[in-house]
């Protein structure tokens, strides 16, 4: 089968300055391309965020593709305008080329090369709030689809998963993430008169050490050990002879599926309370750990990747969080996309040849789902 070329749509998408939460027409460009392929378009706007759901067909199997059109700020020092979509030496430059407008264009190209009268349903879940707080994006889309009984049966997310070569990695899970801001109050005073003061650091530091010294787990078959990192300690004190009035610290835990966010939050609070009674703990859970157990879905994806690249992809759970954490609560999900080495960097770029190869891989996935 001759694949459609993803490059023209990728360039059109890259020309939109869709830095979160701005869309700048990116989703309109995508909607126009999908409408031409017979998809119905449903616009979902929450707050400042634009989202769209595109759907074609009916019944089972119901396959979903999830992605985001928003990008991080470009920064400075690019060799080309980051929103000009310049092709040079076989590379397509632009903010979002890798993460992840390129993958969206590749999936649309795969759709364009295949009949529109397939059995079952194809849905695209596209948000403009993945790089930001992720409050009004994929999570809200899923809530809407769940309420209307229109959730996919399984889903592919086009995040850049590959490490060195296209085809080397499929993500089948992600670690959860929990952050804490701990504040201990004391009494300010002169260091020469400690009996007239109360040094909050002397309670905060033992609390932090107790947290740091705890081995949360030894890892699992699919996850590395959970990791707690202290990221800052602050008193706002610029004087070397003053005991501070308060001390605070920030920490983050990336945790595997042996834990839940609420359980870790309770552990943090209990540990801090033992060493620093009365301390305030402001805790936020940005995502739970999830795992799609290897099985028919991951095998289907792996076979499609191997058929195009000759590489058997590694099934992996490393890296940061993604919107797949929201999808996992509703259906099996895996992630596969481009090589991620240049994402979020100055001169983000994708080899045009890899973009076309990704379209072919996505096409092979569609062929296997709807054969």
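Glycine is treated like the rest: Cβ placed from N, Cα and C.
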Report summary line: Per Swiss-Prot: Zn(2+) 1 is bound by 68, 159, and from 24, 35, 99, 198 the site also lists 99
Requested in this report: Let me know which member of 76, 88, 131, 360 Swiss-Prot also records as binding Zn(2+) 2 at the site of 99, 344.
Outcome: 131
**Report entry** Residue pair residue 68 (Zn(2+) 1 binding site), residue 131 (Zn(2+) 2 binding site) - Cα distance, angstrom, rounded
**Finding:** 8
Query - Beyond the site residues 68, 99, 159: chain residues whose C-beta lies within 8 Å of the centroid, for Zn(2+) 1 - result: 67, 100, 103, 130, 131, 157, 158, 160, 322, 337, 343
Query raised in the report: Relative to the Cβ position of residue 130 (active site, proton acceptor), how many further Cβ atoms are located within 10 Å?
Result: 25
Query raised in the report: Where residue 70 (active site) and residue 159 (Zn(2+) 1 binding site) are concerned, what is their Cα separation in Å, rounded?
Result: 12
